[in-house]
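Quick look at what Swiss-Prot annotates:
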- Gly82, Asn113: anthranilate 1 binding site (BINDING)
- Gly82, 85-86, 92-95, 110-118, Ser122: 5-phospho-alpha-D-ribose 1-diphosphate binding site (BINDING)
- Ser94, Glu228: Mg(2+) 1 binding site (BINDING)
- Arg168: anthranilate 2 binding site (BINDING)
- Asp227, Glu228: Mg(2+) 2 binding site (BINDING)
Amino acid sequence: MNIKSALNRVVNQLDLTTDEMRDVMREIMTGQCTEAQIGAFLMGMRMKSETIDEIVGAVSVMRELASSVELKTLDGVVDIVGTGGDGANIFNVSTASAFVIAAAGCKVAKHGNRAVSGKSGSADLLEAAGVYLNLTPVQVARCIDSVGIGFMFAQSHHTAMKHTAGPRRELGLRTLFNMLGPLTNPAGVRHQIVGVFNQALCRPLAEVLLRLGSKHVLVVHSQDGLDEFSLAAPTFVAELKNGEVTEYWVQPEDLGIKSQSLYGLAVESPAVSLELIRDALGRRKTENGQKAAEMIVLNAGAALYAADHATSLKEGVALAHDALHTGLAREKLEELGAFTAVFKQENEA
């Protein structure tokens, strides 16, 4: 199916099959469509609402066209990522959590990008911390193998996305592509925490990942609107495990953490986010640093559970607490910066 035929279907509120969506996505991602066609298609899909079949088709093409990272094994390798767009401008919780996960002995294949609507994306934060971003897939794999964590810069691995940049920017609205990033990890991880901007997406995206071969995933959205586990409110979870999706709510207290307000956790820039994260990962913490540490432990613990490194969310949080408070997580942040600096010299020589 070509994009013109798809547009006729979509404007009449008719769904596409998975194969039809694959055809259209290949046209879009290989530069065969005009910007007007892409914009119209994305808007039509949003107004109709994307189905699980359509998202599966779109994700499969993006994965197919990505520059993949080949790892020795995917067993227990985890990603923690969010769609963004929650408007809260909280510090980079999932990126900070990744270093705690690695410090707990679990390998992390972190996928991320620069900020679109927020103040600090994962790439912005890591760059501020001295991490070199423009790595080859082989270099990313070496980071994961040696340091326990590697960062896959989305724009380097999904170069076909350049064809959608103009229409997405001009629309200025959330579209299908806001959902695709977290579902298209270039290492093909099967264990994930995926934060989403709308609770209604939790179960559908868990079902998408089930169809695409994921093993253990938690898709989350907090009652106070965050695309991660919140310290201040219950968090809704759609959990994919053992081939089934279950849904439930989690309070911080369920996991041994006291609920508290998010005041003091919003940031205005990557530099401010980094300062708060270094505070949280350090041995001596300010009041806001301690609060940030609790938020990090909550999310890192969930990821350790998703990686099957822990048998329950509560056990995962306990492991994350130990990894953070030993100072090992902060050491991992500095270690990744030093390790990637060697690759920078190689690549720019």
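Glycine is treated like the rest: Cβ placed from N, Cα and C.
What Swiss-Prot annotates, mapped onto the structure for a quick look.
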| residue | record | Cβ contacts under 8 Å, 6 or more apart |
| --- | --- | --- |
| Gly82 | anthranilate 1 binding site | Ser94, Pro182, Val194, Gly195, Val196, Asp227, Glu228 |
| Thr95 | 5-phospho-alpha-D-ribose 1-diphosphate binding site | Lys110, Gly112, Ser122, Leu125, Leu126, Ile277 |
| Asn113 | anthranilate 1 binding site | Gly121, Ser122, Ala123, Phe153, Ala154, Gln155, Gly181 |
| Arg168 | anthranilate 2 binding site | Leu42, Thr175, Phe177 |
Residue, out of the binding-site residues Asn92, Ser94, whose Cβ gathers the largest set of other Cβ atoms within 10 Å: Asn92
Cβ-Cβ neighbours of Gly112 (5-phospho-alpha-D-ribose 1-diphosphate binding site) (radius 10 Å): 27
Reduced DSSP assignment, Thr95 (5-phospho-alpha-D-ribose 1-diphosphate binding site): helix
Asp227 (Mg(2+) 2 binding site): tally of other CB atoms within 10 A of its CB: 27
